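Here is what TrEMBL says about this protein:
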type	residues	note
COILED	18-45	coiled coil
DOMAIN	45-183	domain 'Alpha-D-phosphohexomutase alpha/beta/alpha'
DOMAIN	215-316	domain 'Alpha-D-phosphohexomutase alpha/beta/alpha'
DOMAIN	328-462	domain 'Alpha-D-phosphohexomutase alpha/beta/alpha'
Amino acid sequence: MTEKINNLINQWLKWDKNETTRKEIEQLKESNNEKELLIRLEERIQFGTAGLRGAMKAGFSCMNDLTVTQASQGLCEYVIETIEQSKSKGVVIGYDGRHNSYTFAKITAATFQSKGFKVYLFSKIVPTPYVAFAVPNLKAAIGVMITASHNPKNDNGYKVYWETGCQINTPHDKGISKKIDENLEPWSNVNTTADIKYDNESMIIDPLSTISELYNTQIKQYSIRSSELADEPIVYTAMHGVGGVYAKMAFQAFQLKPFIPVAQQIEPDAEFPTVTYPNPEEGKGALKLSIETAEANKSRLILANDPDADRLAVAEKLEDGTWKVFNGNEIGVLLADWAWTNRSTLTNGGGSNTTLDNNKYLMINTAVSSAMLKTMSEKEGFIHQECLTGFKWIGNAAYNAIKNDGVTFLFGYEEAIGFQYGDVSFDKDGVRAAAIFAEFALSLYKKGSSVQGHLESMYKRYGYHISKNRYFFCYESSKMVSIFNKIRNDGKYLTHLGDTNNDEQFTITRIRDLTTGYDNGYPDCKARLPVSSSTQMITFYFKNGGIATLRGSGTEPKLKYYVEMIGEVKSNVESTLAKAVELVINQLLKPIENQLEPPKDD
């Protein structure tokens, strides 16, 4: 055992008070597993705009009591320096049903309490959207949500919201990270194992009842309150997560009939026993039990939340008896159309302007989402804004536009089934989206239409925008960088995909590289969207109007690709899309050469 490893082990054992994780490191030492010890101890888990997310194991590079303590200490010090009267404003803390989530929440609460903060600690598991909603409504300084969303069961995370209720963005992440590094040694006056006492003396308050009532009162404004709804059953799954109770309350707020729960998945279960991945975005594999429940109850609509209920998946039984799982872009444009149709219900939310001029309404989606929202804006006259991937960008953009530009924000979405309908909070919310989509679908059914039928009518109006989004696993960050650098080819990007003699439609007319800041769509070749040298992302625009984006995920070991084709004839668009996806995979990603692992169900 080298001196370096021994020093790292001693540092860990000095600071870690958890017997289980201490024993993990001691056993690795006894077995002389230097490689694993270096993986666990040499690098620290990095705090970024997504907070922390990683496997629950012993070691500085993982999620555990010590790294959560260190993150909480650094965050606490940063907030004291940055936000006036932060201690009296307080911190909101929520947690999901994963292993250790409550423990991590207690550690966070005890850390902030030790510095004199008022602490709003939810007494039960809650959806992530409740924390985003609670922060501004309680006038708190910040919020912390303990969740790893839809990651595998052995992961957990630590997500931070600023006083606006938006996810933190740069430069806050860098400031917090610096403070964490300055506060690595656990504070001596913090008892992270003591039982939580909810009382004024200890300054720990349970906001659950207040926030539940306020949340469901405020989302009522998004209901059209129409009697013109079909009397049809809807199936709902919480995917072993927290959503069941809260989606039920949202349905009640909208005066909808109770949904039919997927019995095997409605209660929280940290083992996620019935799914390979607890992510409804994975399609029919993840929704197998939902489809069986729907068939048994003669339901044609399935709504699914992910484990922390900030995302929404939708499936519908088609006329031919097959089930269609809608992708995030399809759900996004459907909800955008619903928001536009019912925009009068979205003018009285948290601070929105009440003007009815079309050019004062705003919708937002991300750079990897469908161009169809932009097409809709050009035809209907509302403002469309494109931003970088993730709700740290959408939420902040919506908040700033309302505050600074006097616009009415209607809707924002990202293709990864994340939707923000209205402005009662500024993050994706699968709970209110479930109730809104249920009302939308039932109104269609009453008219003799369907979700798929309405989507087809939108394609007829705006053109077919059909996308294919998928990913490969890429477990080494150095390999991810290498793949993208090969594509860049020292600035000599490809000008064409496929056979130059036969595939003129795949001539590349524009390239936007948000890692390097290059964008030849502008005379100065400088990107207008924010640039991040630590995030890999390149977009190719084709002569035929198609778009392909390659991106390294910020929260999972995935290299994602997003390909969209646009046109008037569906069959032509579908065939061109299939060809484009094939070219992107074989000519750019080269999964065999780069040893990329496809998803298990591919």
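Just so it is clear, glycine is given a Cβ too, placed from its N, Cα and C backbone atoms.
Model, not experiment: these values are computed from the prediction.
Summarised by DSSP class, the composition of the domain 'Alpha-D-phosphohexomutase alpha/beta/alpha' (328-462) is 74 helix, 22 strand, 39 coil.
In the domain 'Alpha-D-phosphohexomutase alpha/beta/alpha' (215-316), the DSSP tally of helix, strand and coil residues is 31 helix, 17 strand, 54 coil.
Sorting each residue of the domain 'Alpha-D-phosphohexomutase alpha/beta/alpha' (45-183) by its DSSP state yields 57 helix, 29 strand, 53 coil.
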